[in-house]
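In Swiss-Prot this protein carries:
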- 185: active site (ACT_SITE)
- 34, 35, 36, 91, 92: ATP binding site (BINDING)
- 124: Mg(2+) 1 binding site (BINDING)
- 162: Mg(2+) 2 binding site (BINDING)
- 187, 211, 215, 216, 217, 218, 219: D-ribose 5-phosphate binding site (BINDING)
């Protein structure tokens, strides 16, 4: 059976590339004058894959996703798969103060009302996928990240900014056949944290720092400064999601030799496409 996609407003930047490998279902998505969303499905079928990234405006993209799901069910589609390159609220995964919700749990339950399968990219806490009532898969785009940097690293190494991100660095390094490690963080004072790369010599080498999300970029800037002080030749920074605060792209770019993120969120440094990973993981089609 030919695979059919619906592209939400938050994934329009992926539509052209996806259309080279699969059919895009005809839809009409627009806004009423009062700001409410209007969705109409113009074709019928049985199985469909909806692609919707939920970056800012997060709530608008999420509500649109639900309305798309309802419209597809109304049009007779029986099996709905959802690909969410960037899942909003994924960092709100625990209660830190009494009276707070676990916001990502609420989002997962809401999506589960319409969608049978959920595919997300490099979610902040993979355990939160258990909140989704159906099949849920976390995809880490290690292959496309590795291929992008293959010719830039040579005899380099891959570093995680902390122990929690080590698995990401390991996956990329293993594809490239390179050494990997992480930074150890030690709090010296309430305002100062010491960062040290563990058990590696960076002098004269190109280094790639890998993380899931860049927001303010402060950690990456500090890590790059330390690596340069230790004699690193070039420092590259990559993340799956570029959730950049104002001015962060410029600040990080000044501190490193290259900054790149995937296109789960469209930014001016979204240089690495996740569409090949969608095709591999969801469609099992080489692209």
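Every residue, even glycine, has its Cβ placed from backbone N, Cα and C.
Long-range neighbours of residue 91 (ATP binding site) (same chain, six or more residues apart, CB within less than 8 Å of its CB): 104, 124, 213. Distances between the Cα of residue 185 (active site) and those of the binding-site residues 34, 215, 216, 219 are shortest for 219. The candidate set comprises the binding-site residues 34, 162. Of these, 162 has the most other Cβ atoms within 10 Å.
Here the binding-site residues are 35, 217, 218; the one with the fewest Cβ atoms within 10 Å of its Cβ is 35.
In the shown protein chains, 21 other C-beta atoms lie within 10 A of the C-beta of residue 219 (D-ribose 5-phosphate binding site). Looking at residue 219 (D-ribose 5-phosphate binding site) and residue 162 (Mg(2+) 2 binding site), their Cα atoms lie 10 Å from each other. Cα to Cα, residue 215 (D-ribose 5-phosphate binding site) and residue 92 (ATP binding site) are separated by 15 Å. Counting in whole angstrom, residue 36 (ATP binding site) lies 36 from residue 211 (D-ribose 5-phosphate binding site) by their C-alpha atoms. Among the binding-site residues 35, 187, 211, 216, 217, 218, the ones whose Cα is located within 10 Å of the Cα of the residue listed as 'Mg(2+) 2 binding site' are 211.
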